[in-house]
Amino acid sequence: MAGCVTRVELSVSCRSLLDRDLGSKSDPLCVLLQEVGGGQWAELDRTERIKNCQDPEFCKKLVVDYYFEKVQKLKFGVYDIDNKTIDLNDDDYLGGVECTLGQVVSSSVFTRPLELKQGKPAGKGTITISAEEIKDTRVVYLEIEAQNLDKKDFLGKSDPFLEFYKQSDAGTWQLVYRSEVIKNNLNPCWRKFSVPLQTFCGGDFNKPIKVQCADHDSDGSHDLIGAFEATLAQLQRAGGGSPVEFECIHPEKKQKKKSYKNSGIIRIKSCKIETEYSFLDYVMGGCQINFTVGVDFTGSNGDPRSPDSLHYISPDGINEYLVAIWSVGSVVQDYDTDKLFPAFGFGAQIPPSWQVSHEFALNFNPSNPYCQGIQGIVDAYRQILPQIRLYGPTNFSPIINHVARFAAHSAQQGTASQYFILLIITDGEITDLDQTRQAIVNASKLPMSIIIVGVGEADFKAMEFLDGDNGVLKSLTGEPAARDIVQFVPFRQFRNAPREALSQMVLAEVPKQLVSYYKWQGWPPLKPPEIKKV
């Protein structure tokens, strides 16, 4: 399971709060709660209290861990504080709002009316929440070589490597990077490397950095060749063909010999600082995530009227196909503003001609296959089931190519504006494996990810092969996928787990896949974040 993607800072302001104090205005405070399951809420954070103010802009930011793959339900409550107790039960409630963290991060500014309870507005009061990721996404890229290093080995030359240390606030040195060892070479050129700016120097360009060059010995008793100290500001002067040079000094040799000059020269060939954008940078910058569903209606699923069919809808109105649509869709829908989701079926004979189709609209409207919200997909699925004949073969490539056409059209704009997620739900008996491999390899060069949920008890070896986790997926002609875009999960592993577990498993990879695509293209977010000076 992926860890917390990142931490988010929420800024809160309110307008036109109710007045609960006699003779003066309210003294508001905002508290943030998160649903922890079973209708229970836990407090995450709270703002400061502002005296006598109906339009407060709270200074203290509310901090929350953000996970793309979860629906994180939040409740913001505004209270009029008239005493010193922490407990809010004895304070006047000025209204609140419930939403998901996904809704907040996917809108640049999120404003809602405050409610005293469901459907009862708190006067004209409103709350505005904006989100910002807590991070410094700058990365230092360095290219370094050395000249005339001291010979340390009896038989050969030295085997040099570099170590970089930053100074902690307590004054101790912390290792931040160790280079590879270059064997038997007194004029080594190390490969280009990168370190996050925060790790490298805590974001402080004037903090001392210690660079040590040592001779590697396989028994671990490495010999110091020499060292120097510099700041990132000094290293940054390198570039454009003019390197910055530092003398590599061995302190003991310097003390012993008056004639000692140095133990070699370390040359910084280039030092660049670049920004690495995160998933939230793209989402907050205006990237829409488009969600498409493909449902397997092949004969191997069994007759939908029979209770042992995978398409049989139980008396409580669900089956594995519906649970998969709900659990994945409920997360993704927050990132799509129009909430219109195209949904298709494949592998069935459809009326009136009863031709087999491998990409028919679930709502039988090929020119407008969009369903309104996740509920719209569910309704279309339930309506179409009795009207089609399950058939075959099981071809995935037409629906992958269908979504890929939209992704290719979007990619032509050359901006990080649209990303596509295709959810295929299948019983796993795939017929067109070679065409599907080619379709996935083509799609790996496009802004899209494919999630396959396998229902039923079939052997899903072909699906695991498409997932590419055991090596890079290649097409029949040997062309490798540009990036790993397929995530396969068998539903049976989650049959007795909470519904959220499935979505967490299948969506945990999506943020990495989205970032890897835009990084590969070199496209920044539509609205890049402003870099705050640390």
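From the backbone N, Cα and C atoms, a Cβ is placed for every residue, glycine too.
Just so you know, TrEMBL annotations are computer predictions that nobody has curated.
Residues or ranges marked as domain 'C2' in TrEMBL: 1-114 (among others). Taken residue by residue, the domain 'C2' (1-114) breaks down under DSSP into 6 helix, 55 strand, 53 coil.
Residues in the domain 'C2' (123-246) partition by DSSP class (helix H, G, I; strand E, B; coil) as 9 helix, 62 strand, 53 coil. Annotation source TrEMBL lists domain 'C2' at 123-246 (among others).
When pLDDT values are averaged over the domain 'VWFA' (290-510), the model yields 93. What TrEMBL records for 290-510 is domain 'VWFA'.
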